[in-house]
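K.L.:
Found this in Swiss-Prot, in case it helps:
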TRANSMEM  16-36  transmembrane segment
TRANSMEM  42-62  transmembrane segment
TRANSMEM  122-142  transmembrane segment
TRANSMEM  168-188  transmembrane segment
TRANSMEM  190-210  transmembrane segment
TRANSMEM  216-236  transmembrane segment
TRANSMEM  266-286  transmembrane segment
TRANSMEM  311-331  transmembrane segment
TRANSMEM  340-360  transmembrane segment
TRANSMEM  413-433  transmembrane segment
Amino acid sequence: MESLNALLQGMGLMHLGAGQAIMLLVSLLLLWLAIAKKFEPLLLLPIGFGGLLSNIPEAGMALTALESLLAHHDAGQLAVIAAKLNCAPDVHAIKEALALALPSVQNQMENLAVDMGYTPGVLALFYKVAIGSGVAPLVIFMGVGAMTDFGPLLANPRTLLLGAAAQFGIFATVLGALTLNYFGLIAFTLPQAAAIGIIGGADGPTAIYLSGKLAPELLGAIAVAAYSYMALVPLIQPPIMRALTSEKERKIRMVQLRTVSKREKILFPVVLLLLVALLLPDAAPLLGMFCFGNLMRESGVVERLSDTVQNGLINIVTIFLGLSVGAKLVADKFLQPQTLGILLLGVIAFGIGTAAGVLMAKLLNLCSKNKINPLIGSAGVSAVPMAARVSNKVGLESNPQNFLLMHAMGPNVAGVIGSAIAAGVMLKYVLAM
């Protein structure tokens, strides 16, 4: 009987908590959305599967060595850690002390746990290498740059203003998060508010990069919100676009885009990087990788490298990025009131960004002879190319001969640049406080 009891106690089911059960269901929901509904499957599928692995009881695949030590509840080992942190020798007190400790102290405690015989889980290792270092989002940005054509933006530089206007959703959401905190509804710190705000840029890699730097404890919820709402762009944007434009405005036909020379396409990423990075060095990592990828594409002299970055490399990194995000889909981090706030603020951010882009297009039309169809303003959010396709679709509803896709790609690409710059602004000023 003792051996049977030991066997039963070793089963994961015997240790399954309510929080883990809920997170397993959430992970299965993400898998269903990815497979059945095709909602951002390239990211939601590995994120969902990573969530499943993270919430298997007793497996510890998403736990660091220190988290494994705390989960083991060995009184002697807890006393050693508590003595180093000058706190009470219980798990709750140790976690609170670690949250307030400097990164160097946290690393010391992690190394101490390793010395005691604990090892980090495989997903925790993925997270440390892919997101903790910031490498994975940067490599993906390089791949996005290699797949981006700046032609529509260069042919109509005014659309850069539409992409810039759409970033208003980011900063409005930061204020929204701080307002919730001010009124005591949901507690958000300034770094957390900044990380949540970047959802409004509709740029998954940027959201993950900034969250990893400013609010790693919210990364799972922010990434899920960002990619879920990106998939819902065709549902979120059209009602806002129709509400802010008249039938006459939606029928505006834009002039044919000029042909952009190869020299312009080669010079643009170099000039863009120098101009922005010299003024805002914190934006250099994201924008630098983006411009480097684009230069490989446009130069035409490294086709093998460009092809690798666009296909094999970005696909491999996407797998590890998704699994790493899934490592943060654990009950104690995800099942918090903050998650509801993130989901609410995320959809508001998308709405504000869409509206700001449309209104900026209308403003430009007041002082311009060559009219811009306001519908392309909504493409200023950097969900490439979905937002541009939505602009084209809504335009075709009003005028079946009015093809706006290439025109909308201008603000769409500008939105990618804008979100990278916004992330740089957040890093510079939030980390400085």
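Positions of Cβ are set from backbone N, Cα and C atoms, glycine also.
Neighbours and distances for these, please.
P.N.:
Beyond the ends of the transmembrane segment (16-36), by six or more residues, the same chain brings 44-45, 47-52, 54-55, 57, 224, 228, 231, 326, 329-332, 334-335 to within a C-beta distance below 8 angstroms of the stretch.
Outside the transmembrane segment (311-331), and at least 6 residues removed from its termini, the chain residues within Cβ reach (under 8 Å) are 17, 19-20, 22-23, 26-27, 42-55, 61-62, 121, 123-124, 126-127, 129-131, 136-137, 139-140, 142-144, 205, 208, 216-217, 219-220, 223-224.
Within the chain, the transmembrane segment (340-360) has long-range Cβ neighbours (under 8 A, six or more residues past its boundaries) at 161-170, 172-173, 176-177, 180, 185-186, 188, 196-197, 199-202, 218, 221-222, 225-226, 229, 233, 236-237, 240-241, 244-245, 374-375, 377-381, 411.
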K.L.:
Under a Cβ pair cut-off of under 8 Å, which of the recorded stretches 42-62, 122-142, 216-236, 266-286, 413-433 contacts the transmembrane segment (168-188) most often?
P.N.:
413-433
K.L.:
Is the transmembrane segment (42-62) in contact with the transmembrane segment (266-286), using at least 3 Cβ pairs under 8 Å (sequence separation of 6 or more) as the test?
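P.N.:
No, since the transmembrane segment (266-286) and the transmembrane segment (42-62) share fewer than 3 Cβ pairs closer than 8 Å, they do not count as touching.
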K.L.:
Cβ under 8 Å, sequence separation of at least 6 from the ends of the transmembrane segment (42-62): give me the contacting residues as numbers and ranges.
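P.N.:
Those are 10, 12-17, 20, 23-24, 26-31, 33-35, 68, 71, 121-124, 127, 204, 220, 223-224, 227-228, 231, 318-319, 321-331, in sequence order.
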